[in-house]
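Database features, via Swiss-Prot:
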type     : residues                     : note
BINDING  : 30-37, 147-150, 176, 184-187 : ATP binding site
ACT_SITE : 37                           : active site, proton donor
BINDING  : 61, 153                      : (R)-pantoate binding site
BINDING  : 61                           : beta-alanine binding site
């Protein structure tokens with residue numbers, strides 16, 4: 001595995017790889033890699049000749065009161081995970097390398113961002129889209145891999161890639177969970193022992209809602225209220241949202257049918273966790 005720290009070197013490498021006809025699987029991350037990231041890397045390894053991993057904590061996608069400085073970082077650990085999962089090139093640029101001068105252009109996302117996390121984090125998805133535009137131009141991937149834990153992000157990226165005719169295939173990968181059901185996340189390290197137990201109820205609430213839908217409930221308000229009530233009863237966390245939308249358009253539905261997403265965000269003392277399920281309802 002080779003570690004690359006400059007845009008120029010990474011572009012030269014990927015340009016030569018694509019010229020030689022090799023497919024490139026790209027996994028963009030903010031580091032502090034866990035089994036969810038490893039799953040993305042293994043999927044990329046299976047489907048491509050070359051695997052490129054980027055580790056970059058992107059300041060553009062953090063708001064003024066968010067956890068940019070607290071976001072966990074451990075490049076030695078990330079290097080080990082990368083090596084264990086078949087990464088060929090680890091792209092690890094500094095903020096100064098990615099944004100060497102005042103940014104004159106950003107990508108504004110006008111759909112799919114006014115709900116769920118986008119509603120709580122104005123400017124977040126503009127930051128995501130901007131850094132991905134740069135990373136796609138730098139790594140020139142054949143395929144790019146994203147976890148469905150950030151399902152809104154996946155929907156935004158798919159739209160952005162289509163709108164700008166970017167020649168990359170977006171590959172969504174199912175949420176990776178701990179054995180007890182908690183969605184793996186770099187932010188889980190902020191949970192206290194009691195909160196770690198309570199956090200299990202996020203996924204349980206989604207499973208209960210799914211069972212209710214499968215039993216025939218089609219009223220979205222009944223489903224979302226069920227989730228909110230369950231979480232408020234079983235945890236000390238604060239429900240940021242528990243919402244149901246069509247997916248990937250993220251538009252309101254009057255009836256639970258077609259492909260939908262049921263998504264939740266819950267604030268504990270030191271961390272905000274998200275989770276979701278997507279399903280197709282006939």
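Positions of Cβ are set from backbone N, Cα and C atoms, glycine also.
Since we're looking at a predicted model, the values are computed, not measured.
All protein chains included, residue 30 (ATP binding site) registers 18 other Cβ atoms within 10 Å of its own Cβ. Among the recorded positions listed here, namely 37, 61, 153, 37 has its C-alpha nearest to that of residue 176 (ATP binding site). Reduced to three states, the DSSP call for residue 37 (active site, proton donor) is helix.
Around the Cβ of residue 186 (ATP binding site), the number of neighbouring Cβ atoms within 10 Å comes to 18.
Taking the binding-site residues 61, 153 in turn, the residue surrounded by the fewest other Cβ atoms inside 10 Å of its Cβ turns out to be 61.
Counting in whole angstrom, residue 30 (ATP binding site) lies 14 from residue 153 ((R)-pantoate binding site) by their C-alpha atoms. Other C-beta atoms found within 10 angstroms of the C-beta of the residue listed as 'active site, proton donor' number 25, with every protein chain shown included. Highest Cβ count within 10 Å among the binding-site residues 33, 148, 176: 33.
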